[in-house]
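*Asks:* Please find one structure pasted underneath; my questions will follow.
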């Protein structure tokens, strides 16, 4: 068992559970969205609250932080954009007719998914709806975005003449068991990916390799070719819903309601590790410096050696489910339904893991060197035998 850790700081400003935690691209700020209908902005330098965004008429389901602006979506059917310096609401995006549960910002686009069975695209700056994606038979739970330039060859792009104005595509996962890929410019459905028999809860995209991964309540993860729509592999070993995914160096990590995380080698589909010790569903995942960090419904965060699967540390203190985790500057941030943001120092565990990795590489290097000398010796012996045979 791992050692128990204590939080270096507990932030209790919210009056309701925290549903999501977002880190700005420059790492200077964190944004929390809460059941209390507000969002708060935190500095990673001093861990203080530097912004309080009020205006939503119901709880915040999800949030996204850019360097200059913050975005929140809510059960009040709206999305809001905020100035991170003044706290002023800069825009309200109206149009959804039910809970907005997910947003995604890409380029000048703001995408949203809702219980009203649609996804929508908005102009970030003009507070204007650009496109509506209609075709799912149930609520849209998760989103991903890519450009066809990232995945299509030139001759394939030429086949899509009508889409040449914009090559952006939106991917949506729904409780109707399907994943759909849409052309942003026209709202036309490019692919419907069929195979899941349960709600699609999470998506992760690997555009350079033309692959999309989807996790579902049917206990499986599926990987798809996002150009052809072909289902490539099905990962079947989980015994509960697949809630979250993380992709690192062709290794896929999946967190599940079966209380485990599994690591899969993407190229073969082989399951190479299972991380146990959770007493409830695994709700969030982050890989950092050879360590797999998890957040769970048992109110604990954990750190595992990603290779061996050994539990290295347990972070105790929350009272309810940890909904989201982030890592920055060797600090672990955990946001919980208990309304608190907790900050944990992970320098010690990171340092130990770096020493372990360095030692492993050194041993592998010596082993490789021995192997090279052995091959050289064998080659020389082989040459001598061949020479003798020739003589």
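Placement of Cβ uses the backbone N, Cα and C atoms for every residue, glycine included.
Copied straight from TrEMBL:
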- 11-43: repeat 'WD' (REPEAT)
- 93-132: repeat 'WD' (REPEAT)
- 169-192: repeat 'WD' (REPEAT)
- 193-234: repeat 'WD' (REPEAT)
- 235-274: repeat 'WD' (REPEAT)
- 315-347: repeat 'WD' (REPEAT)
*Asks:* Considering only Cβ pairs within less than 8 angstroms, which of the stretches 93-132, 235-274, 315-347 has the most against the repeat 'WD' (169-192)?
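*Replies:* Comparing 93-132, 235-274, 315-347 against the repeat 'WD' (169-192), the winner is 93-132.
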*Asks:* Express the predicted model's confidence over the repeat 'WD' (169-192) as a mean pLDDT, rounded to an integer.
*Replies:* 97
*Asks:* Give me the DSSP three-state residue breakdown of the repeat 'WD' (235-274), ordered helix, strand, coil.
*Replies:* 0 helix, 24 strand, 16 coil
